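Novice: Please find one structure pasted underneath; my questions will follow.
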Amino acid sequence: MADPYQNNVYQQQGGDSYGTYGEGGGPDGYGYQSDPRQEEDAASDATEGHDEEDQMYEGEYQGIPHPDEVKAAQRAARAKARSARSAVSELEELSEQYEDIMEDCGHGKFQWTLFIVLGLALMADGVECFVVAFVLPSAEKDLCLSNAEKGMLGLTVFVSMMVGAFLWGGLADKVGRRRCLIVALAINCVFAFLSSFAQGYGFFLFFRVLSGVGIGGTVPIVYTYFSEFLQMDKRGEHLSWLCMFWMIGGIYASFTAWGIIPRYGWGFSMGTEFQFHSWRVFILVAALPAITSLVGLTFMPESPRFLLENAKHDEAWMILKQVHDTNWRAKGQPEKVFTVTHIKAPKTAEDEFIEIQSATGTSVQRWAVRSLTLCKLVLKNVASLVSAELRLATLFMAVIWFCMAFSYYGLSVWFPDMIKHLQYEEYKSKVKVLHRERVENFHFNFSLENQIHTEGEYIHDKFIRIEMKSVKFEDSLFEDCHFEDIRSTDTVFENCTIRSTLFTNTDLWEEKFINCRMENSTFEHNKPGCHLDHDEENDVLIYLVSFLGSLAVLPGNIISALFMEKIGRVKIIGGSMLISAGCTFFLFLSFSQSAIIALQCLFCGVSVAAWNGIEVVTVELYPASKRATAFGVLNALCKLAAVLGSSIFSSFVGVTTAVPILLSFAALTGGGLLALKLPDTRGKILQ
């Protein structure tokens, strides 16, 4: 006689649209079917060596219900609500059953391991946003970058991340969360590594673009992936804790950049063709979080919810059992048995890839058809975000994402730019003006800095082995002078007459002489390198501002995580955006360097709570089949807003402070008020 409990066998009933495990179901037609022998063994293991008094729940004396009783009551309430509905869709049944399974699996070692692995991927995204900004002042020397090229490099980072978010978000709903995240991180690691060795601007830009496309997929996939391993009452809090890794990425980038980049001697050269300086070392170090996450992901399973949506029931059941057993073993209760015997899931005939028989066409043709089919499915999924049932939610979330990103990234660029501008204005105010000075037969062996010389005369003078920084000679005469071994920064000669003068081993190139008249003057052995008008060095303040801005996120992260379930997502988003809008008006009261740094910290600390709420709501508003796609589209819109915000805000530096303040206030206020109209997803089962 065959053992009826020998195996869990997948069966497809005729006319039934569900895949099931086992040969029967509970009274509600799905859910849990216990193995009597397993329950008997589990019971004997659980009671072995214990008296009934030892099993008494401690809270029972205080009238506190046992957590298992609470879960049972919640399930009963859901079952009652389900039976009251006249018709329950397949996806609703799957969602409710999946929530019951995740409650049984508990929250423990598995989720915390996944939390670290995915957190490192999110940390890599945070680092990517700082890499180019930190390396530009040093990279422009090695790569001979003009201001236009530097601007293009900063712009393309966000554009490539925008493309990556859209691409990988869409693919994750069709190919798999884990698989897409592994490929995206691998692309980021490979091209980040190659960019550190690129010797020309073209190759460096190309590699950084591809690196950005890879890392752009981390945010939409990470939140989608992690949310599908969380039960309802843990989801908001733990997704908020996950956001903290973005802050850690900013701190990591600031610290490593400050520790590595100023050490310009760290590196080596092979002639003049190949140079590997400290900023290239920093790029390699910045890729470590992505590499570590990539290694960790190889040990993580695919999302079982994704597998169930794609009718891969066997794999999903095995992964859920793995989650259950890992958690309960770590809690010291290995006797807990995974009692799920069947899982219902809708058919996915419409979304199945077209399989071509091996005898049909070549391998290239089969690959082309599969790729075309995949593209059509992804685009169809994107279009479904504006269908009747999702149109309003997508519109609201798009406006909120855009307003938040426009203000946040715009001010994040504007704050440090304004600090630099104030420093420059202070520096200019201390300029020394020398008028009609006559210097004859003098040897300048000291550096000249922050000076303006007008209508001067320099006869038989020597300028040897000195540095000229922010020096301007205007309407002056140089006669029979000798310039040797000169290094200049922001130095110009305007409307000058230069007679019988020798320039040897200097970086005083032709463009530094504006409307000057040269008479019998000679340039010999000019310094090789880039013709830079500004030789900008990385100031410690750059790292300090980035570090403080990232660190200020910590209090807001903690508070939002602790109160996400208590207050609710909608109130946190709306309240944080409105408070952030109020913070910007403090800039009208004081506008010193210290005030800007303080307000940046305040703004970042408050706004992170809004970001946490936005990301949690985005996960919870959309069904599993569209979750990563929606997150990818909205995150791509976020990057577009970041490009617009940073470009618009930076254009007003040194012009006016009112426009950036009013723009950010309007965007945050409008987005915050609109957020209060969102549906509250707290306490709702993940669709």
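The first residue you see is number 1, and the count goes up from there.
Each Cβ is built from the backbone N, Cα and C atoms, and glycine gets one as well.
As annotated by TrEMBL, compositional bias 'Polar residues' applies to 1-13. What TrEMBL records for 114-682 is domain 'Major facilitator superfamily (MFS) profile'. The region 'Disordered' annotation in TrEMBL covers 1-63. The transmembrane segment annotation in TrEMBL covers 112-139, 151-168, 180-198, 204-226, 238-261, 281-300, 390-411, 541-563, 570-589, 595-617, 629-649, 655-676.
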Novice: Any contact between the transmembrane segment (112-139) and the transmembrane segment (204-226)? By contact I mean 3+ C-beta pairs closer than 8 Å, pairs at least 6 apart along the chain.
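Specialist: Per Cβ check, the transmembrane segment (112-139) touches the transmembrane segment (204-226).
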Novice: Suppose I define contact as three or more CB-CB distances under 8 A, residues 6 or more apart in sequence; do the transmembrane segment (151-168) and the transmembrane segment (629-649) meet it?
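Specialist: The transmembrane segment (629-649) and the transmembrane segment (151-168): touching, yes.
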Novice: Mind pulling out the one from 541-563, 595-617, 629-649 with the most Cβ pairs under 8 angstroms to the transmembrane segment (204-226)?
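Specialist: That would be 629-649.
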Novice: Would you confirm whether the transmembrane segment (629-649) and the transmembrane segment (541-563) meet the contact rule of 3 or more C-beta pairs below 8 angstroms, pairs 6 or more apart in sequence?
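Specialist: Judged by the Cβ rule, the two regions do not touch, with the required three close pairs absent.
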Novice: Under an 8 Å Cβ to Cβ limit, what residues of the same chain, 6 or more beyond the ends of the transmembrane segment (595-617), are close to it?
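Specialist: That would be 223, 235-236, 239-240, 243, 247, 397, 400-401, 404, 407-408, 411-412, 415, 418-419, 422, 545, 548-557, 559-561, 564, 569-570, 572-573, 575-577, 579-580, 583-584, 586-587, 589, 672, 675, 678, 681.
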Novice: Under 8 angstroms, Cβ to Cβ: which one of 180-198, 238-261, 281-300, 390-411, 655-676 has the largest number of such pairs with the transmembrane segment (541-563)?
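Specialist: Maximum Cβ contact count belongs to 238-261.
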Novice: What is the pLDDT of the domain 'Major facilitator superfamily (MFS) profile' (114-682) when averaged and given as a whole number?
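Specialist: Residues in the domain 'Major facilitator superfamily (MFS) profile' (114-682) carry a mean pLDDT of 86 in this prediction.
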